[in-house]
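Reading through the structure tokens given below for one structure.
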């Protein structure tokens, strides 16, 4: 599963760390936008420039992916027009149900079909029948970013049904809202009203500030996240990992995912500023959380908010009997796990988090406060790390072996290899710097990302530019490790 990331059947989606993106696509896209706006107004030409840039960015991997994107968002847009134009509530309900079903069918066909075939072999006939009509359908399955733009388009339709979108909707605004390459592949998940307000108040690009934030994310990705990746195979690519291997690999993956997702969030935020837009926070020191509720208020924030507003509340939210509230919470997290990927291990990961959130509610906030804060923080971190074993594993069997190793059931020692230690010495040194960065510097950076922040002063532009160059050396000369969330 994790061998694919951004490579799907030999096809490659463009990465923010690719030289092609850095030195060709991004300068051309920013120049095109700069040439299209006038008097700090977000003109029609500027909207078209962003849409075309995004379609080129997405179509780099497969020319059919932009076509799929247009078909998916186009269908949901038509259902939304039905909702906005209907005078009877029955027609409005029909429109929102149609949008939800259309979105679910798109996800089932292009993201979950291969997995569903393993559950119901009769679906293999459907896949076989579709091949003559879609040609290379296998190359279209699992297009990058489909989970993100489907959720964004679906929120547009549901908001229209709930009366939150009432003004006439320009098709160009709708497509621009969805087709923004900085957040197209891996979020953050935004709402139409948030972006429409920025369209109306657009004040131009903030390239200097944006590139500084982007450079910081690039450095964190190359210098920190990718170094932890070196040690992940100790647990997840070994037939029977022992105690040390299991803990080393699991801790490495825990921090690889942390720095990787934080780096992507920074880079997406920076690119958004380069286009003149402020994206919502998506990451806020999640490993410092003192509870699972707080963890999900800090990790993938826009996904958590989407699941709360459009799934949990739709199931009844907190307006039900206690047992139903717990069931709603559990189902929301179960579906959130399945959103990440077509695998039982993702479902178990979601169910695991749902169960812990239910237990947390049963205990009650007042009782939890009796436990020292540091102890709650350490326990939350440990339980989150155990959950990542399911998130990373490709099967139950692999997850079971890693968890058995963490409990010492596969042996207690690992043979020391001096040659291996020497080979990984640079990564070890950078990991030590990463831990210092996490403990001492990260709290000052996270939460200081608004455009008015003093963190990114003019002087810091040059410091971050130097860090960008160092990271670039590592990126170009070393192995290419895609962002982990690009697979979703």
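Quick reminder: no glycine exception, Cβ is built from N, Cα and C everywhere.
Just so you know, TrEMBL annotations are computer predictions that nobody has curated.
What you see is a predicted model, and the numbers here were worked out from it, not measured in a lab.
The annotation transmembrane segment is assigned in TrEMBL to 20-37 (among others). Within the same chain, residues 14, 43, 45-46, 48-50, 52-53, 56-57, 60, 181, 202, 204-205, 207, 271, 274-276, 472 sit at least 6 positions outside the transmembrane segment (20-37) and bring their C-beta atoms closer than 8 Å to a C-beta of that stretch.
According to TrEMBL, the feature transmembrane segment maps to 44-61 (among others).
The annotation transmembrane segment is assigned in TrEMBL to 67-84 (among others).
Annotated transmembrane segment per TrEMBL: 96-120 (among others), in sequence order. Long-range contacts of the transmembrane segment (96-120) within the same chain: residues 68, 72, 75-76, 79-80, 82-83, 127, 140-143, 146-147, 150, 153-154, 157-158, 160-161, 342-343, each at least 6 residues beyond the stretch ends and with a Cβ under 8 Å from a Cβ of the stretch.
Annotation comment: TrEMBL describes 140-159 (among others) as transmembrane segment.
Beyond its flanks by at least six residues, the transmembrane segment (171-190) meets 13, 29, 44, 47-48, 50-51, 53-55, 57-58, 69, 73, 77, 144-145, 148-149, 151-153, 155-156, 196, 199, 264-265, 267-272, 274-275, 277, 279-282, 300-303, 305-306, 483, 485-486, 488 of its own chain at Cβ-Cβ distances under 8 Å. The transmembrane segment annotation in TrEMBL covers 171-190 (among others).
According to TrEMBL, the feature transmembrane segment maps to 210-236 (among others).
Marked as transmembrane segment by TrEMBL: 257-279 (among others).
Taken from TrEMBL, the feature transmembrane segment applies to 325-358 (among others).
Taken from TrEMBL, the feature transmembrane segment covers 379-404 (among others). Packing against the transmembrane segment (379-404) from elsewhere in the chain are residues 1-2, 232, 235-236, 239-241, 246, 249-251, 253-254, 257, 286-287, 289-292, 294-295, 340, 343-346, 348-349, 352-353, 356, 371, 410: each is 6 or more residues past its ends and has a CB under 8 Å from a CB in it.
The transmembrane segment annotation in TrEMBL covers 424-441 (among others).
Under the heading transmembrane segment, TrEMBL lists 462-486 (among others).
Beyond the ends of the transmembrane segment (140-159), by six or more residues, the same chain brings 4, 6, 8-9, 13, 58, 61-62, 64-65, 68-69, 72-73, 76-77, 79-80, 83, 95-96, 99-100, 103, 106-107, 110-111, 113-114, 134, 165, 174, 177-178, 183-187, 189-193, 303, 306, 309-310, 339-340, 486-488 to within a C-beta distance below 8 angstroms of the stretch.
Here the transmembrane segment (44-61) has Cβ contacts under 8 Å with residues 6, 8, 11-14, 20-21, 25, 28-29, 32-33, 35-37, 69, 144-145, 172-173, 175-176, 179-181, 184, 199, 275 of the same chain, all six or more residues outside its ends.
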